[in-house]
Structure formats: structure tokens, C-alpha cells
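I have placed the structure first, in the form of C-alpha cells, so that the comments after it can refer back to it.
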């Protein structure tokens with residue numbers, strides 16, 4: 001007699017199959033469809049994560065217990081855990097930032113370094129069995145075991161010796177028959193070198209394909225924005241509008257302005273003029289700290305007429321641009337004060353300009369002289385110059401904040417000149433000002449509302465994003 005019935009079908013969740021390992025090498029691009037809103041959300045959250053990795057990497061000794069605990073907590077808080085359903089977000093967001101950070105050598109270098117530090121941290125959480133299954137390392141054969149036990153009491157893996165040249169050079173491995181036998185704790189050196197090589201090649205290939213992606217007018221503004229995106233508080237909303245008087249600006253510039261704005265203010269007072277780049281950077285900063293349109297017009301007019309510009313010429317040639325940045329002319333866009341990333345990465349100053357970031361754009365010797373003129377301690381100046389040498393310009397500015405305010409730890413990650421001003425005023429006034437809630441920007445371009453499929457050309461394949 002036959003008994004028939006339904007057999008229970010075993011299914012594997014597609015995300016578990018696609019993201020079988022908690023540590024990804026990002027070898028294959030995503031092929032699914034996502035909305036532009038999700039595209040931007042993933043990218044901004046990934047950027048927040050990499051910014052956190054950068055800040056902690058300078059504030060703490062990398063891979064120390066304190067660094068690892070802090071980074072683990074930050075990763076969990078930013079919703080990037082290892083669970084399979086979250087690995088999709090990790091995978092897609094990595095490839096989105098590849099598109100944004102492949103455009104210049106500086107952007108590629110920064111992206112590779114932060115991704116490597118994040119990868120190293122995640123690697124330390126891998127179990128040996130996960131590592132072996134991921135990289136298909138060969139376990140050592142039993143005939144070498146007794147000899148290898150003299151080297152290390154840890155598990156060892158066998159790899160071709162040419163893949164471990166750094167460890168061979170420092171005599172940290174056992175060599176036999178063209179293979180290197182490596183203790184588990186030293187495998188990270190090989191894995192990181194492999195990851196760096198893969199990512200560097202992928203970014204170069206992505207850069208070649210970028211023109212095809214940028215031809216889509218819905219994506220180009222997003223990608224250009226992400227490479228110098230600011231992911232903190234929106235300072236276009238004036239909290240202290242009208243609370244700053246024109247008579248206070250000189251005193252505020254000395255005690256609460258970041259170095260970039262202090263430099264612009266001094267140049268304006270000395271020469272009674274600033275070029276367009278300086279006027280935009282400084283004017284929007286002043287707008288963000290609370291100057292009204294009327295105050296701004298009075299401030300710029302009074303300064304310019306002290307130089308070679310009379311009142312009539314100012315009204316004809318310069319007043320329009322000031323009203324424009326307040327959203328009162330042209331397309332009436334309410335312009336946002338520049339973030340640190342925008343100041344650092346866009347529109348570098350030329351001869352006769354004073355805008356930009358002094359830590360990024362000034363000659364180190366001139367920067368040293370400027371810091372000395374502000375009576376900073378020699379040891380503090382050395383710390384700042386070391387951060388500048390390591391291309392940690394925002395952290396150098398944060399150290400400048402700590403030195404000028406005589407505190408050990410600023411207690412915040414500096415991302416914006418107006419944030420610098422607010423934190424300074426908060427500190428000097430005894431913390432009376434309440435810090436505004438940080439809101440993640442969701443400025444999806446207006447023309448992204450059109451329906452259709454967006455195709456992103458990557459180095460290996462095509463990525464389709466459905467709007």
C-alpha cells in the first residue's frame with residue numbers, strides 16, 4: 001500500500017544564501033532593485049559609519065580593547081550588525097559609496113583606509129571555522145605538526161608563501177615546500193593585503209565606468225553630493241536668528257570661530273574685500289550663527305566701502321549675491337552653510353583667496369606660524385601638524401578647539417564650522433544652549449520622482465535600482 005502526502009519543502013532564504021558569511025569581500029555587485037530613497041539612506045548611513053571609524057582610529061589606538069569596544073558599540077548603534085538581513089544593507093551601501101568615492105585619488109585613499117579599518121575590526125570577531133570556510137585555507141598536514149608546535153600554540157593554516165611575503169620578511173612564519181604556515185592571529189595581515197588589492201582595483205575600474213552612471217541626471221547630483229556629504233545637523237535652520245549683533249563679531253571670531261572662519265574674518269578686516277569663494281563660505285557661516293539678511297547687508301556694505309568699493313557699486317555688484325544666499329533672489333534656494341567636507345574637498349583656494357580649510361590648503365610652515373601667533377603651546381602645535389600630516393583635517397580642527405578652549409576632550413566629532421561655533425558658545429556659557437536633534441538628511445532630488453529603472457555600470461556587472 002502506498003501512502004501519498006505532501007512533503008515539506010526545505011527552502012533557503014535568499015539573503016542567507018547570498019550573504020552566507022558575516023565578513024564580505026564585496027566581490028560581486030548587488031543586482032536587485034531599490035528606490036532612490038533607500039539608495040540615499042544606505043549611502044548616508046554607511047558614510048556615518050566610516051566617519052566614526054576614522055574618528056575612533058585617531059582618538060584611540062587601533063585594535064586596542066577600548067577602540068574595539070567603542071567601535072562595536074557605534075556599529076550596533078548605526079544599525080550595521082552581522083545578521084544576514086542586515087548584510088544586504090552593508091553590501092549595497094558599500095557599492096554606492098564606491099561610486100561616490102572613486103572619482104579622485106584623495107577620495108579613493110580615504111575610502112580604502114576606512115573600509116580596511118572596518119574590515120580589520122570585523123575580522124577579529126571571526127571564528128577560525130568561519131575564516132577557513134571563507135578563504136578556503138588548507139589545514140596543515142599532520143607530519144609537520146610537532147615541528148610547528150615549537151613556533152606557536154595557536155591553530156595554523158597553510159598558504160602559498162608568495163601570499164605572505166610581509167610575514168616572511170619579518171620571520172613570523174614557518175616555510176616548507178613553497179608554503180607558509182601561519183598562526184591564526186597573523187592571518188589578518190594576508191587578508192587585509194588581499195582586501196586592499198581587490199578594493200583598489202575595483203575603485204579604479206569603477207572610475208572608468210563612472211561617466212556612464214553620471215549620464216543619468218537623477219544619480220549625478222546624489223553621487224556628487226555624497227563625496228563631500230555632511231551627515232550631521234542642518235544649520236540652514238537658524239536657531240539663534242537675530243541674537244548675534246554686528247558689534248559682537250570681532251570678539252566671537254577670536255574665541256568661537258573655527259580657524260577657517262577666523263582666517264576669513266581677519267582677511268576681510270585687513271583688505272576690506274573677499275572674493276566670491278570667501279564671501280560664500282563666510283557669509284553662509286554668519287547666516288548659520290544667526291545674522292539676519294538686514295544685518296548681513298549692513299555688515300558686508302560697511303566693510304566693503306572701507307576699501308575700493310563705494311556704496312552704489314556695492315548695491316549693484318554685491319548686494320544681490322547676499323540676498324541670493326538668503327533665498328530672496330533667483331530660484332530662492334535657502335542655501336546651507338558649508339560643512340567641513342565641502343570646505344575641504346570643493347573649490348580649493350588660489351592665489352589671493354582666503355577660503356578653504358587652513359589645515360588642508362595651507363602650507364604646513366605657514367600653518368605653524370599662524371598657530372604660534374595664536375599662542376598655542378608647542379606640544380599642541382605638534383599634535384595638530386601630525387594630524388594634518390596624516391590627512392585628518394577635521395580632527396586637527398577639533399584639536400585646535402580643545403587647545404583654544406583649554407579642555408582635554410571636546411566630547412564631540414567635528415563635522416561643521418557652525419557646529420564648532422555652537423559647541424564653543426555652549427562651553428563658554430556653561431552649557432545653557434540646548435543642542436538640536438541630529439537629523440539625517442533626506443534630500444532626494446526633485447527629478448527622482450520620475451518612474452523608471454536606473455542602471456549603474458560597475459567594474460564587474462550592472463546594478464539596477466528601481467525608482
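Glycine is treated like the rest: Cβ placed from N, Cα and C.
Feature annotations, courtesy of TrEMBL:
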type: DOMAIN; residues: 251-421; note: domain 'DNA primase large subunit C-terminal'
type: BINDING; residues: 260, 340, 357, 397; note: [4Fe-4S] cluster binding site
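Where TrEMBL records a feature, it is marked here on the structure.
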| residue | record | Cβ within 10 Å |
| --- | --- | --- |
| 260 | [4Fe-4S] cluster binding site | 27 |
| 340 | [4Fe-4S] cluster binding site | 25 |
| 357 | [4Fe-4S] cluster binding site | 27 |
| 397 | [4Fe-4S] cluster binding site | 27 |
What other residues of this chain sit with their CB within 8 A of the center of the CB atoms of 260, 340, 357, 397, the recorded [4Fe-4S] cluster site?
258, 259, 343, 344, 358, 359, 360, 393, 394, 417
Over the domain 'DNA primase large subunit C-terminal' (251-421), work out the mean pLDDT and round it to an integer.
91
